[in-house]
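Quick notes on the structure that follows.
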Amino acid sequence: GKFVSYFKVIFLILNFFPVVRILGVSYFTLSAYFDTGVFKYLYFVIIMSLYILIISANLLLIVIICMNRSLHEPMYIFLCSLFVNELYGSTGLFPMLLVQILSDIHTVSASFCFLQIFCVYSYVCVEFLNLAIMSYDRYLAICYPLQYNTRMTSAKVAILIGVTWLFPFLTIVILVSLSAPLQLCGNIIDKVYCGNYSVVKLACSDTRLHNIYGLIYTVISIIIPLILILYTYMKILKVCFSGSKQTRQKAVSTCTPHLASLLNFSFGCCFQILQSRFDMSSVPNMLRILLSLYFLTCQPLFTPVLYGLKMSKIRNICKRLLCGEV
């Protein structure tokens with residue numbers, strides 16, 4: 001119906017957009033797609049429903065945090081930034097995924113492919129950095145409760161959020177700038193969406209610089225934030241075990257959703273890195289596709305549901321809103 005027509009129009013606009021001949025090719029073929037026959041409409045409805053659910057859940061919590069002055073605290077402001085990133089990351093994937101599901105020819109222009117690489121990779125970097133500053137915030141709140149307000153000021157919150165968003169954008173601009181001039185020997189990407197390493201593997205020229213920068217990017221955007229998170233949680237656990245029962249309960253209630261979110265996202269990213277770097281031909285095609293999409297589909301839905309249910313202030317406001325209470 002209307003949704004099918006809408007995404008066909010988007011597909012036509014993208015294909016008639018002035019094509020930038022990056023890398024000596026004008027388009028890429030996404031070879032992981034296979035013929036699903038009439039089931040493509042069922043897949044389209046499922047993916048579309050998931051996307052609408054992600055947008056609705058994240059927007060609801062963003063509005064709740066912005067409209068309620070009682071939630072204008074650093075912890076909830078960082079949460080709001082996380083929800084915005086879930087919207088950003090899912091939008092980098094779902095529109096093109098929906099277009100490709102309906103299409104019989106699974107190609108994407110080179111310029112649009114690099115736009116998707118920019119969105120997906122910056123989403124991952126923002127996610128890890130955002131989780132890192134949230135763990136730092138919990139560390140200050142639990143380990144230094146009396147000094148929390150002087151250490152976590154409004155100016156510091158603004159700086160942390162600014163760095164969380166600007167730094168990934170800068171690093172991914174450099175990443176794309178390095179990959180764009182490469183001369184390619186092919187244009188087939190064995191995935192359902194564009195990935196930088198998938199493009200680099202197609203290069204005819206030397207890619208040592210790209211591999212070195214890729215490792216530096218991984219260390220800065222993933223490894224360092226993970227080390228910071230582990231360090232802060234070791235300190236938090238130390239305080240919890242030596243503190244009162246009330247301190248332990250408070251720590252568990254605020255830290256559990258954060259750790260669950262981190263583990264979920266890390267699992268998805270870990271498989272994605274393994275899939276990019278190693279031969280996964282022994283894994284069934286459908287399972288490979290589902291696991292490669294995991295961190296871009298489950299995390300944007302998992303985050304608002306988890307925090308919405310576990311954070312008592314947000315949960316109570318949601319209940320009042322959904323029940324029509326003022």
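Yeah, the Cβs are placed from backbone N, Cα and C, and that goes for glycine too.
All annotation found in TrEMBL is predicted automatically rather than curated by experts.
Per TrEMBL, the feature transmembrane segment maps to 9-29, 41-64, 76-102, 114-136, 157-178, 212-234, 255-274, 286-309. Per TrEMBL, domain 'G-protein coupled receptors family 1 profile' is recorded for 57-307.
Over the domain 'G-protein coupled receptors family 1 profile' (57-307) the predicted model carries a mean pLDDT of 86. Sequence-distant contacts of the transmembrane segment (114-136) (same chain, at least 6 residues past either end, Cβ-Cβ under 8 Å): 22, 75, 78-79, 81-82, 85, 88-89, 91-93, 96, 108, 160-161, 163-165, 167-169, 171-173, 175-176, 179-180, 193-196, 199, 217, 221-222, 225-226, 228-229, 232-233, 258, 261-262, 265, 269, 295-296, 299.
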